[in-house]
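S.K.: Quick paste of what TrEMBL says about this protein:
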| type | residues | note |
| --- | --- | --- |
| BINDING | Asn109, His114, Glu119 | oxalate binding site |
| BINDING | His112, His114, Glu119, His161 | Mn(2+) binding site |
| DISULFID | Cys34-Cys50 | disulfide bond |
| DOMAIN | 64-215 | domain 'Cupin type-1' |
| SIGNAL | 1-24 | signal peptide |
Amino acid sequence: MRFFQALILIPIAILALVISFAEAYDPSPLQDFCVAIDDLNGVFVNGRFCKDPMRVNAEDFFFSGLNVPGNTSNQVGSNVTTVNVDQIPGLNTMGISLVRIDYAPHGQNPPHTHPRGSEILVLIKGTLYVGFVSSNQDNNRLFAKVLHPGDVFVFPIGMIHFQVNIGKVPAVAFAGLSSQNAGVITIANAVFGSNPPIYPEVLARAFQLDENIVKELQAKFGP
Ligand SMILES: *[C@@H]1O[C@H](CO)[C@@H](O)[C@H](O)[C@H]1NC(C)=O
Ligand SMILES: *[C@@H]1O[C@H](CO)[C@@H](O)[C@H](O)[C@H]1NC(C)=O
């Protein structure tokens with residue numbers, strides 16, 4: 001009997017070992033960077049510190065106000081209301097967050113990427129033209145679609161994507177993201193509005209543009 005018990009336990013032990021190796025990956029970054037330091041004065045962690053569980057209450061998992069439209073009177077004609085770990089501390093380590101996106105007629109959520117999360121978007125009101133572009137290895141293919149209320153579209157992690165309101169009335173969408181803090185890099189702002197600016201000759205060659213046009217763009221997006 002002991003012998004057979006041992007025979008059963010061996011594969012279980014091996015399986016446990018394999019699982020423990022599979023879980024030994026580094027956790028992925030939960031902010032743009034977390035540079036190591038020697039002195040412990042300014043201690044930060046990957047993500048957030050955890051509150052004493054005995055002091056946790058329902059408010060830590062609650063947010064109110066996603067019924068309120070964001071103000072879309074801006075350059076691009078859209079407004080993203082973010083509900084991530086900054087708004088709901090209970091999202092720390094949960095790997096999810098949420099946004100509401102409002103679009104003025106002909107407004108757009110300009111090309112951007114989320115470095116830390118995939119996105120699933122559902123259109124509630126209006127008509128959107130949405131899409132993402134795959135990586136260089138996939139020949140930068142555009143995956144695009146016109147969405148109507150109730151339609152859902154997925155933007156895979158890291159892919160450059162956008163949404164445009166092609167209707168005559170305001171549009172509203174909600175989206176879930178697979179990170180407590182997915183991050184946003186708006187392409188135009190990051191490239192032409194970096195602080196300090198990237199040398200214009202670099203961007204002129206990269207985008208095959210006249211240097212004066214680059215300087216114009218940098219003036220528009222600059223800090
Ligand atoms: C988005 O809307 C909020 C609430 O109306 C406003 O405070 C904020 O400035 C808007 N953001 C942009 C980028 O327009
Ligand atoms: C929306 O933002 C614009 C520009 O900042 C401002 O003039 C307008 O009063 C705002 N509207 C509301 C409803 O807050």
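All residue numbers here begin at 1 and follow the chain in the order shown.
For all residues, glycine too, the Cβ spot is worked out from N, Cα and C.
Structural setting of the listed features?
M.R.: Under the DSSP three-state reduction, His114 (oxalate binding site) is assigned to coil, being neither helix nor strand. The C-beta environment of His114 (oxalate binding site), restricted to residues of the same chain at least 6 apart in sequence and closer than 8 Å, consists of Phe155, Ile157, Gly158, Leu177, Ser179, Ala182, Gly183, Val184, Ile185.
In the three-state DSSP classification, Glu119 (oxalate binding site) falls within a strand.
All protein chains considered, the CB of Cys50 (disulfide bond) has 11 other CB atoms within 10 Å.
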S.K.: Please list residues from the chain of Glu119 (oxalate binding site) whose Cβ is under 8 angstroms from its Cβ, counting only those at least six apart in sequence.
M.R.: Val154, Phe155, His161, Ala175, Gly176, Leu177, Ser178, Ala182
S.K.: Roughly how many angstrom lie between the C-alpha atoms of Cys34 (disulfide bond) and His112 (Mn(2+) binding site)?
M.R.: 23
S.K.: Taking the Cβ of each of the binding-site residues and counting other Cβ atoms inside 10 Å, which one has the highest number: His112, His161?
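M.R.: Buried the deepest by this measure is His161.
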S.K.: Other residues near the oxalate site, CB within 8 A of the CB centroid of Asn109, His114, Glu119?
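M.R.: Everything else in range on the chain: Val99, His112, Thr113, Leu121, Phe155, His161, Ala175, Leu177, Ala182, Val184.
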S.K.: What's the CA to CA span in angstrom from His112 (Mn(2+) binding site) over to Cys50 (disulfide bond)?
M.R.: 31
